[in-house]
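**Student:** So Swiss-Prot says this about it:
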TRANSMEM  20-40  transmembrane segment
TRANSMEM  57-77  transmembrane segment
TRANSMEM  105-125  transmembrane segment
TRANSMEM  133-153  transmembrane segment
TRANSMEM  193-213  transmembrane segment
TRANSMEM  225-245  transmembrane segment
TRANSMEM  266-286  transmembrane segment
Amino acid sequence: MLILQAFIQSPGETFLNLGFITIRWYGLLISVSVLIGLFVSKKLAKARNINPEYISEILPSLIISSILGARAYYVIFEWRQYSGENFFTSFELFNSIIKIPSFFAVWEGGIAIHGGLIGGLISIIYFCKSKNINLKTFIDILIPSIILGQSIGRWGNFFNNEAFGVPTNLPWKLFIPIQNRPLEFLNYEFFHPTFLYESLWNLLIFIALIIIFNKQNKTDFFRPGFISFLYLISYSFGRFWIEGLRTDPLCIGGLPPFCDGGIRMAQFISIFLFSSGLIGIFFLRLRSCNGKNRKNG
């Protein structure tokens, strides 16, 4: 009797090896995310009568601050992986092997979206102040591109065989090579493809935010800032659930895979951001109601 075994398997982290330089999937996906995000954000800026060139102007600082924030956040909470003999890593450039601090080896994986959001927000606030742009409106323009970039970027985890969930035998199970498995699960071959769960969830959020963006000027319900707060709520809701499946969490007071005796950092931050989003929408609605009352009075 023939039994077909279906599962997902990464082809590896390398997209193209040209000999003198290696192009990895993670870096390629980040680049694709940036280009698509640039296109989408310019379209949305034009729809809000904001100079689309502002998107091009902020892009370099936004990329740098987001990547630095995401990497710093991860390294701080996983310092044991980057200290001592792991402080440096090898990098191939023009047929030569050079040593660089592991902190800068972003293409090897190890970034945290919450750190990227913090770094990016700092850059956005500074830019809006310097250009005298409404902060809430500008963030609403950028948010759809950010969540779409998160959806695309999650596939970098797939190619790197990282950020997967606990063992499973579901039809869409993900095969993980033994060298990438946690010690606790060496005897298991198949795991939850949490990268796929989050990628699809983020894609749904992107579609919902674009629909709301197109209705924002037609109703007072979706005031400037609504999209940003809804992003915090929806992304945090999905991330909290998905994080509970992962075997490589950043922990406070505990150790992976389950943060025994501690708490998963991403879940803690998700609760905070979810609550912040709810409070933000509450005050937006309160301000809208007060404005209507003053107008009617």
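Using N, Cα and C of the backbone, Cβ positions are placed for all residues, glycine too.
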**Student:** Could you name the stretch, out of 57-77, 133-153, 193-213, 225-245, 266-286, with the greatest number of CB pairs under 8 A to the transmembrane segment (105-125)?
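**Tutor:** Against the transmembrane segment (105-125), the leading stretch is 57-77.
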**Student:** Can at least 3 Cβ pairs under 8 A be found between the transmembrane segment (133-153) and the transmembrane segment (266-286), with each pair 6 or more apart in sequence?
**Tutor:** no
